[in-house]
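Some features that TrEMBL has for this protein:
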{"type": "TRANSMEM", "residues": "34-58", "note": "transmembrane segment"}
{"type": "DOMAIN", "residues": "50-299", "note": "domain 'G-protein coupled receptors family 1 profile'"}
{"type": "TRANSMEM", "residues": "70-92", "note": "transmembrane segment"}
{"type": "TRANSMEM", "residues": "104-129", "note": "transmembrane segment"}
{"type": "TRANSMEM", "residues": "150-171", "note": "transmembrane segment"}
{"type": "TRANSMEM", "residues": "191-210", "note": "transmembrane segment"}
{"type": "TRANSMEM", "residues": "246-268", "note": "transmembrane segment"}
{"type": "TRANSMEM", "residues": "280-301", "note": "transmembrane segment"}
Amino acid sequence: MEICWKIQAANGSIDGLDFNPMKDYMILSSSQKIAIAVLCTPLGLLSALENLVVLYLILSSHQLRRKPSYLFIGSLAGADFLASVVFAFNFVNFHVFQGVDSKAVFLLKIGSVTMTFTASVGSLLLTAVDRYLCLRYPPTYKALLTRGRALVTLGIMWVLSALVSSLPLMGWTCCPKPCSELFPLIPNDYLLGWLLFIAVLFSGIIYTYAHVLWKAHQHVASLAEHRDRQVLGMARMRLDVRLAKTLGVLLAVLFTCWVPVLTLMVYSLATTPSKQVKKVFAFCSLLCLVNSMVNPIIYALRSGEIRSSAHHRLAHWKKCLRGLGPEGKEEVPRSSVTETEADVKITLGPDSRELYCSDH
């Protein structure tokens with residue numbers, strides 16, 4: 001689609017005439033606009049609230065914010081919080097209210113959406129790598145992944161996400177190149193490059209979690225051969241099954257929320273999508289928002305330490321409201337086998353040396 005224009009005012013006025021250069025992208029009917037507003041607004045608010053709570057619980061706990069695992073989860077919560085706010089506002093403004101901005105403002109908005117979702121996927125990869133390192137190298141995990149290295153890695157990931165997302169704002173637009181059929185002012189070659197970048201991130205996530213699942217499978221098969229340790233073996237087998245189910249849910253949610261959107265992006269590069277396909281893409285885009293809403297439940301709120309931090313904060317506020325003053329020293333229980341922590345030990349048994357990461 002060749003659409004080279006110069007938007008001079010927020011109302012779409014060009015050369016003194018009323019003109020909306022993005023009308024080909026505003027394809028929703030009145031009923032569909034209502035549906036988008038009804039779905040997007042509460043999803044965005046709920047997702048932002050969930051991730052904000054996770055961020056607060058991690059940052060307010062001295063123990064949690066010093067652990068690399070929770071730094072990665074905090075980064076994921078921060079990215080999902082920003083994605084929820086930025087995406088929901090811009091998506092509703094564009095598709096429902098048909099707001100038109102200047103070229104620079106529009107590219108800044110779409111770049112901010114791209115950056116937050118890219119950082120979210122990048123944080124998912126770092127969380128997966130963290131768990132992979134813990135399970136693969138349990139004796140040296142604490143020395144291998146220090147807090148300083150985790151912060152440097154997070155900084156690199158966020159800078160890279162911002163750089164990749166700001167390329168259109170820095171001049172990589174579709175004029176005179178062919179524009180994307182799904183995103184105004186975004187060239188097809190940039191969209192292809194971003195898809196390849198996301199594909200690399202997803203490949204890393206799939207590899208790391210597939211490795212963990214394979215280790216769980218091997219361990220269950222090995223335990224089946226040692227009937228003399230039936231009680232201990234069955235307990236560990238239950239932990240293996242729990243781990244496999246948890247990681248299976250992670251991958252299932254990730255694929256369910258992202259594959260439809262990415263597939264339609266690839267389809268738009270191969271052929272010209274119809275208006276119906278564009279409408280389907282608009283509604284499928286909400287799945288990315290659903291992913292940001294589900295991530296804190298899967299990665300954070302299921303954590304025993306984060307739940308303990310929540311109980312501690314609630315008790316603290318309760319005492320303060322009663323005028324009893326703040327609580328004493330915070331106590332955090334040990335995490336489950338599905339969580340990766342900074343303090344690591346090797347579980348007994350030759351087959352469990354690379355599978356379990358638990359606290360002292």
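Placed from the backbone N, Cα and C atoms, the Cβ positions cover glycine too.
A contact between the transmembrane segment (70-92) and the transmembrane segment (150-171) is present, since 3 or more of their C-beta pairs, 6 or more residues apart, lie under 8 Å. Among the stretches 34-58, 104-129, 150-171, 280-301, the one making the largest number of Cβ pairs under 8 Å with the transmembrane segment (191-210) is 104-129. Long-range Cβ contacts of the transmembrane segment (34-58) within its own chain (Cβ-Cβ under 8 Å, at least 6 residues beyond either end) map to 28, 64-65, 70, 73-74, 77-78, 80-81, 83-85, 87-89, 91-92, 95-96, 282-283, 286, 289-290, 292-293, 295-297, 300-301, 306, 309-310, 313. Here the transmembrane segment (280-301) has long-range neighbours at 27-28, 32, 35-36, 39-40, 43-44, 46-47, 50-51, 53-54, 57-58, 73, 76-77, 80-81, 83-84, 87-88, 91, 95, 117, 120, 124, 127, 182, 249-250, 253-254, 256-258, 260-261, 264-265, 268, 273, 307, meaning same-chain residues at least 6 beyond its ends whose C-beta is under 8 angstroms from one of its own.
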